[in-house]
């Protein structure tokens, strides 16, 4: 019975090449030969390549299947394989060459980038689920876990901002500030720099609330939209903000995207300052 060793060489984990090798082997009658798939991940130096070549030279039936994207390592691998007459398959090279010609753009040549993309996707999903779970101050336990905490009175776009930022992979919790309800104590215990207060002008808020009442089929004379009630809420909001000592963004005449960009700038600046 023939014994064939398929050597997987990759500058990342080697999962792609191994899956291709397994798919190919499964197409043959395993009674006629015995195959062994050996994975050599994280090929980063010419010494790593030499190790693969030495293993491959042990048997003329051995095959090297590689996914290497760093040009210098890939070229060295191809030269060593050719000079030793080792059968080999470049999984990614041919397609990357065609894509380069077709779209007239050079590839990143960065190992493991597909896993980074997967990680980014799952972080986004996690952030979206977080925003839903902790929307409208549902559970104070979310405060220490949040990357960003938004506070503001009603109609300051807390929920849409939370969702927008979640799609940017930030875990966001929002808490409504209402005079009749004390904010959770944990709000005053978190880092104030990750808390963003959303401020709105009295005139703008009055207009928004009256429009909201119309949509609900109610008269615009409800206390919810009166100047006295709005002033009361804004004063209470200012007191809470002063107690926390957090940054404030005026959302009166801003689109969601613009406010979100301001929030991300503040948060990222704080991260930069912390690392210095």
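Cβ coordinates come from backbone N, Cα and C, glycine included.
Model, not experiment: these values are computed from the prediction.
Database features (Swiss-Prot):
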BINDING   152, 153, 154, 155, 156, 157, 158, 159  ADP binding site
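Here the binding-site residues are 155, 158, and the one with the most other Cβ atoms within 10 Å of its Cβ is 158.
Counting other Cβ atoms within 10 Å of each Cβ, the binding-site residues 157, 159 show the lowest value at 159. Taking a C-beta cut-off of under 8 angstroms and a sequence separation of 6 or more, residue 154 (ADP binding site) has the following same-chain neighbours: 176, 178, 209, 233.
Neighbouring residues of the recorded ADP site, listed in sequence order and excluding 152, 153, 154, 155, 156, 157, 158, 159, comprise 174, 176, 198, 200 (Cβ within 8 Å of the Cβ centroid). The Cβ of 153 has fewer other Cβ atoms within 10 Å than any other of the binding-site residues 152, 153, 156.
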